[in-house]
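Student: The structure that follows is given in the form of structure tokens.
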Amino acid sequence: MIWHVQNENFILDSTRIFMKAFHLLLFDGSFIFPECILIFGLILLLMIDSTSDQKDIPWLYFISSTSLVMSITALLFRWREEPMISFSGNFQTNNFNEIFQFLILLCSTLCIPLSVEYIECTEMAIAEFLLFVLTATLGGMFLCGANDLITIFVAPECFSLCSYLLSGYTKKDVRSNEATTKYLLMGGASSSILVHGFSWLYGSSGGEIELQEIVNGLINTQMYNSPGISIALIFITVGIGFKLSPAPSHQWTPDVYEGSPTPVVAFLSVTSKVAASASATRIFDIPFYFSSNEWHLLLEILAILSMILGNLIAITQTSMKRMLAYSSIGQIGYVIIGIIVGNSNGGYASMITYMLFYISMNLGTFACIVLFGLRTGTDNIRDYAGLYTKDPFLALSLAPCLLSLGGLPPLAGFFGKLHLFWCGWQAGLYFLVSIGLLTSVVSIYYYLKIIKLLMTGRNQEITPHVRNYRRSPLRSNNSIELSMIVCVIASTIPGISMNPIIAIAQDTLF
């Protein structure tokens, strides 16, 4: 009898939960239409992979790419709509969130053609790779629109789990296994730290989880200047720091970059930073509104450490991927300047603009590394010597991307950094901007060192890898080269394009 009553209660509770979920999807589903397109693409990929043979591999690429492009289109059609909060306060839709979602989708769209030939040559499982990329993209998009503490925790976990699997995708590679282990352990530790910070925030606000309601709760409980908020700030900064990978939370970055498959590194190097930056702007700006001086100081310390350590250690690297890992640590220091400046003085607009340029610069560089690695089997910087004599197309594609990362005029990276530093200077961050300028000069040194190697014609400096290099034609239908050309063109955009990009970024501010 008791079992029968319990069974009936369970059925009733399950029915209520199902009906509530159906009601939310029915009335709020339109607010996550771009995400729904990706979910539909994931379902199609699973169905095709489980019911077809190897002959349908092109369909897998087509479906994944089409899903991403359609999701971007849905985002663009939704541009300039009124901000809306949906799913009982869990999700917020506005232009500011959507611009970050657009950047994540753009990264994923460019990474898929960049991965095609690599996957074929290394005989990696294609369907699973595409599933992990799309699922990570989905997690990043939900993180950009997250409006409560639970979603802010669950969404990056979705992204992180796929990242762990992607980084260890080449199971027979010892370096890949080592990188995955470090990534997984540090990721788990950082998630625990982040949740601990959320618990302090939850308790101090009187049990609120929505970001704006947390602010109201802190005012009602008079806890906005309490030690508990300071503890929450420290723990949350450390947790988010793992995703952004500034110093000293960068220990996992070089090993993961070196050990993971190169297309995976290209994907993780940009999407994780875009998603984490979107989350950081909302968490620091809203719940910690009353602690702005404290989190400004914390982020300034992280930015200074990142710019100095990242660029100085990059000079000593012999692996191209490790060099780019330390370079990315320095780059995130520049992005943090925009987060500190915030809404005032165009900080967020300059940060968004620089991240757009960083996507093109970084993915263009990684596309060149993928091609070089497939043709030579090496990642050593020294082995790039004399590449111009064998493959001028690849050498001349890599050079502008590296120069743009260094911030040399008239390339896109120069104007992106210029606007970012100018906004920081106007906000009074004189010391931070000065460090940024000095470290940018340091970064130019090690980028120019690589370009000098590329262009050398002296036989004694050319390694056997380049001597035996299989020369490619100037024009190719190769999907990696197509992705590379798009990124190189975007990296060399002159300053005349800055004003409309800045205007669009300014239009997204909440």
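Yeah, the Cβs are placed from backbone N, Cα and C, and that goes for glycine too.
Relevant sequence annotations retrieved from Swiss-Prot are reproduced here:
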TRANSMEM  24-44  transmembrane segment
TRANSMEM  57-77  transmembrane segment
TRANSMEM  99-119  transmembrane segment
TRANSMEM  124-144  transmembrane segment
TRANSMEM  149-169  transmembrane segment
TRANSMEM  183-203  transmembrane segment
TRANSMEM  227-247  transmembrane segment
TRANSMEM  323-343  transmembrane segment
TRANSMEM  354-374  transmembrane segment
TRANSMEM  395-415  transmembrane segment
TRANSMEM  418-438  transmembrane segment
TRANSMEM  484-504  transmembrane segment
Student: Which residues of the same chain, at least 6 past either end of the transmembrane segment (323-343), have a Cβ under 8 Å from a Cβ in it?
Tutor: 244-247, 250, 253-254, 256-258, 265, 269, 273, 277, 280-281, 284-285, 296, 299-300, 302-307, 309-311, 313-314, 317, 350-352, 354-355, 358, 362, 365-366, 369, 381, 405, 417, 420-421, 423-424, 427, 429, 432-433, 436, 439, 443, 446, 450, 509-510
Student: At a Cβ cut-off of 8 Å, and with pairs 6 or more apart in sequence only, do we get at least 3 pairs between the transmembrane segment (57-77) and the transmembrane segment (124-144), yes or no?
Tutor: yes
Student: Can you see whether the transmembrane segment (354-374) and the transmembrane segment (99-119) are touching - at least 3 CB pairs under 8 angstroms, only pairs 6 or more apart in sequence?
Tutor: yes
